[in-house]
Amino acid sequence: MNAYRLYLVTDDQQDLATLKRVVRKAVEGGVTMVQVREKHGDVRAFIERAQAVKDILKDTDVPLIINDRVDVALAVDADGVHLGQSDMPATIARELIGPNKILGLSIENEEQLTEADSLPIDYIGLSAIFATPTKTNTKKHWGIDGLKMALETTSLPIVAIGGINESNIPQLSATGVHGLALVSAICHAEDPKAASEYLLGLMR
């Protein structure tokens, strides 16, 4: 099974009860991986939220990924970590989490892309594909052509991130990309289960 296919990234603006409801419903709808992302909270709150998501995922095959924080991933024994370019180096993160955990890395330009295959990572988060309200600091948008180029450049699985919604999913899926990461299309949906089912249906 392709665990990267429909990759939910949580919204750190949502309270704990909403987070739990969204994740539970999204997994029922077919989400294949969940990344808990916290940019504003303290570590204790991050651990609490990560543990709550882990409890929801424990009887499923859906991996739990922690954004940025290796310490939080270790604290809750998550399935993996997703690093940004300004986070801990991938080589050090790999030493800390061990060989069997999933390690992802955000890639924002061609130089980082060419280096990626030499790093001890399992997948790439190609960011940002399109302009997005949740990623205000990205300097480059890859677009469809950039995504196609990246798929030809690296042997690693690619998860497309940034500005992805129902209008561009068919076009993205047609590139053969391994997975699509979404925040608002699922987290802000009235019915996250139905939204996940619908989004999966657009991926042909």
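Note: Cβ is positioned from N, Cα and C throughout, glycine not excepted.
According to Swiss-Prot, the protein has these features:
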| type | residues | note |
| --- | --- | --- |
| BINDING | Gln35, Val36, Arg37, Glu38, Lys39, Asn67, Ser106, Lys135 | 4-amino-2-methyl-5-(diphosphooxymethyl)pyrimidine binding site |
| BINDING | Asp68, Asp87 | Mg(2+) binding site |
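DSSP classifies Lys39 (4-amino-2-methyl-5-(diphosphooxymethyl)pyrimidine binding site) as coil under the three-state reduction. Taking all protein chains in view, 28 other C-beta atoms sit within 10 angstroms of the C-beta of Val36 (4-amino-2-methyl-5-(diphosphooxymethyl)pyrimidine binding site). In this structure, the C-alpha atom of Asp87 (Mg(2+) binding site) lies 14 angstrom from that of Glu38 (4-amino-2-methyl-5-(diphosphooxymethyl)pyrimidine binding site).
Once Cβ contacts within 10 Å are tallied over all protein chains shown, the binding-site residues Arg37, Lys39 are led by Arg37.
Neighbour count (other Cβ atoms within 10 Å of the Cβ, all protein chains): 17 for Asp87 (Mg(2+) binding site). Close to Gln35 (4-amino-2-methyl-5-(diphosphooxymethyl)pyrimidine binding site) in the fold, though at least 6 residues off in sequence, lie Tyr7, Leu8, Val9, Thr10, Ile65, Ile66, Asn67, His82, Ala181, each with a CB less than 8 Å from its CB.
When the alpha carbons of Ser106 (4-amino-2-methyl-5-(diphosphooxymethyl)pyrimidine binding site) and Asp68 (Mg(2+) binding site) are compared, the span between them is 10 angstrom. In this structure, Asn67 (4-amino-2-methyl-5-(diphosphooxymethyl)pyrimidine binding site) is part of a beta strand by DSSP. Listed in sequence order, the residues of the same chain lying 6 or more apart from Glu38 (4-amino-2-methyl-5-(diphosphooxymethyl)pyrimidine binding site) and placing their CB within less than 8 Å of its CB are Asp12, Ala45, Phe46, Arg49, Asn67, Arg69.
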